[in-house]
Amino acid sequence: MVAYTLLFMGTGLVLMAFGTDFWSEHTSIDVPNVSYLHRGLYRHCQVENQQKICYSRYSDQKLLEDGLRIPIFRNHGTVKSMRHFESVLVILDGISLVLALNALLFGLCACANKCAIFTLIIQIFCSAALSGVCGAMYYEHNKKGLTFPLEIRNGETVVPIFTRSFLSWSFFMSIFGSFLQFLSCMFYIFGATCCHVPPEKRRSRSREVQRPSPALKNVYVNEKEVLQSMSPKLPKKPVPPNSPVPKPPRRFQIAPTAPNMTISDIMEYYEDIFDKR
């Protein structure tokens with residue numbers, strides 16, 4: 001249950017990071033009327049003159065090429081490399097989310113099957129690895145200044161606007177989600193190797209639990225010995241020499257048993273006889 005909870009939390013964090021636009025934030029010191037730009041894997045949001053404009057790499061491709069209403073890129077080489085960078089991140093993070101969601105759907109039922117549990121472990125490990133690779137790639141590109149090669153058009157002059165950048169909360173959310181997925185994978189591995197019961201042992205346990213107790217039939221009980229064991233031990237009285245010798249009781253007696261009577265039922269029967277005496 002701990003492994004599934006960690007998987008659920010990690011997948012939720014990676015999913016929220018994928019849909020938000022704060023992987024990195026970029027500020028400007030060259031152009032005072034531009035506050036900053038924050039971006040995600042596939043969308044940019046620029047705050048300019050206290051107005052926020054967001055655009056997507058895929059839905060606003062024509063505007064990017066025209067460069068009329070939104071920031072344009074410095075050169076075609078940078079545009080091409082940024083397109084490849086963003087496409088790779090979106091594909092890898094998308095595959096990671098598909099694997100993690102599939103593991104969430106079948107994670108609870110896979111614990112009963114040894115083959116399914118190892119398939120689940122492989123899915124979680126691949127999901128966490130792909131998400132971690134996305135974070136590492138974004139960190140490296142942001143460190144080299146390749147996550148904000150944007151410029152604005154000021155008349156006929158192209159002025160670079162963003163000079164400083166730092167990673168934001170969506171990036172750290174994705175990294176922490178990947179870490180939780182790795183922890184979930186470790187817990188699943190521990191449960192599969194140390195706490196897994198072999199099928200033969202599990203079947204033998206089920207047989208022991210379902211085995212009925214045999215019914216008692218024709219149980220012969222020494223009534224005298226049972227009564228003596230239940231009665232308090234008293235000191236023996238001396239027998240007068242001229243007293244008549246009592247007849248010995250019948251040695252064995254058939255206990256009135258039913259097909260489903262147990263030893264406890266027979267003992268209760270003799271307890272009732274002893275109480276009546």
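Any Cβ shown, glycine's included, is placed from N, Cα and C.
Annotation source TrEMBL lists compositional bias 'Pro residues' at 237-247.
TrEMBL lists 230-254 with the feature region 'Disordered'.
Sequence annotations record features per position, and here TrEMBL assigns signal peptide to 1-19. Long-range contacts of the signal peptide (1-19) within the same chain: residues 40-41, 93-94, 96-97, 100-101, 103-104, 107-108, 124, 127-128, 131, 170-171, 173-174, 176-181, 183-185, 187-188, 191, each at least 6 residues beyond the stretch ends and with a Cβ under 8 Å from a Cβ of the stretch.
Cβ atoms under 8 Å from those of the transmembrane segment (88-108) belong to residues 3-4, 7-8, 10-11, 14-15, 18, 41-42, 116, 120, 123-124, 126-128, 130-131, 133-134, 137-138, 174, 181 of the same chain, restricted to positions at least 6 beyond its ends. According to TrEMBL, the transmembrane segment annotation covers 88-108 (among others).
The annotation transmembrane segment is assigned in TrEMBL to 115-139 (among others).
What TrEMBL lists as transmembrane segment is 171-197 (among others).
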